[in-house]
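Per Swiss-Prot, these features apply:
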SIGNAL    1-19  signal peptide
DISULFID  178-250  disulfide bond
DISULFID  257-275  disulfide bond
BINDING   300, 304, 315  Zn(2+) binding site
ACT_SITE  301  active site
């Protein structure tokens with residue numbers, strides 16, 4: 001096991017890049033090896049004040065979410081867990097962690113449960129990003145975090161004995177039939193996703209450079225082309241319910257929805273599933289800038305699916321403030337940047353119409 005201490009130096013760079021004040025809250029993450037692929041993360045509040053943050057998609061989340069990135073020979077190992085979108089207001093207590101200044105908490109997890117490490121060998125582990133800060137159960141800001149770089153030698157035989165967190169469903173056992181009001185709601189959401197994505201693709205390729213800079217931190221033609229291409233791919237994928245690269249469930253077939261989660265994606269299988277909150281708490285479309293709705297939530301999840309456009313996105317940040325503070329390279333691969341940009345590019349929505357041919361399997 002080899003540990004490279006980079007956290008303090010890189011956190012200083014992150015704080016500078018995000019233009020945070022010197023006393024801004026910051027989390028330091030120390031990764032250590034417990035046994036083979038079992039890892040412990042020690043998260044410390046190195047700021048001067050108590051902080052409350054959303055720990056979904058972060059350490060202390062019990063779901064098989066992406067807590068760290070794994071690399072073998074500088075190539076990232078595919079993540080086989082879930083990426084989910086959650087509420088940004090009205091959060092429940094079980095989604096929040098409060099940490100006093102100088103305090104720590106620990107989280108142990110097995111990286112082999114959400115990645116194929118059966119070939120063994122040297123694996124490098126690290127993580128960085130921003131975690132949403134919460135005030136009165138609402139996302140109110142962001143806290144940057146960064147870990148050390150941990151290098152471990154994986155015993156292939158031991159890694160092969162670790163149960164996979166997600167067991168793929170056989171198509172014959174899908175019980176979540178999309179019918180009734182939920183089928184109607186998802187059909188409307190997909191139509192709206194097509195319109196949003198097409199409008200966003202046009203804005204990305206030939207719209208205001210200042211506005212593109214606002215969301216993606218650059219105006220380079222290569223980035224504008226890449227963003228536009230992803231939006232076009234999403235519009236294509238969402239244009240039908242009969243076939244395509246993704247399978248879209250009206251309800252959760254895996255049991256990972258909870259009182260805060262709107263929807264999630266299983267990128268390794270190009271599966272998307274909606275949760276109850278998608279239908280009960282979200283409007284079909286919002287006319288409020290940067291607010292959540294069904295269409296941009298579906299769009300957010302489509303960006304995660306590599307079958308739609310590769311590579312799929314990550315969840316480096318949530319919400320406008322945090323997402324627009326990312327570096328250009330992270331913004332390009334952050335799901336919420338696409339949802340926020342699309343939300344701020346209102347198209348002229350067509351009247352309801354039957355979905356056209358061939359892309360998304362809706363079940």
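Any Cβ shown, glycine's included, is placed from N, Cα and C.
Values in this document were obtained by computation on a predicted structure and should not be read as measured data.
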Determine, from DSSP, whether residue 275 (disulfide bond) sits in helix, strand or coil. coil
Quick note, residue 250 (disulfide bond) and residue 275 (disulfide bond): C-alpha atoms separated, nearest Å, by 8
Considering only the recorded positions 300, 301, 304, 315, which residue has the minimal Cα-Cα separation from residue 178 (disulfide bond)? 301
Whole-number Å only: compute the distance from the Cα of residue 301 (active site) to the Cα of residue 315 (Zn(2+) binding site). 10
Only counting partners 6 or more residues apart, tell me which same-chain residues put their Cβ under 8 Å from the Cβ of residue 315 (Zn(2+) binding site). 57, 66, 83, 129, 334, 335, 336
Let me spell it out: for each of the disulfide-bonded residues (178, 250, 257, 275), count the other Cβ atoms within 10 Å of that residue's Cβ, using every protein chain shown. Which one has the most? 275
Select the most exposed residue of 300, 304, where exposure means the fewest other Cβ atoms within 10 Å, treating these as the binding-site residues. 304
Residues flanking the Zn(2+) site, with Cβ no more than 8 Å from the Cβ centroid of 300, 304, 315 and excluding those residues themselves: 83, 84, 85, 265, 301, 303, 313, 314, 335, 336, 339
Tell me, by DSSP, whether residue 304 (Zn(2+) binding site) is helix, strand or coil? helix
Integer Å distance between the CA atoms belonging to residue 275 (disulfide bond) and residue 304 (Zn(2+) binding site): 17
Across every protein chain in view, the count of C-beta atoms other than its own within 10 A of the C-beta of the residue listed as 'active site' is 31
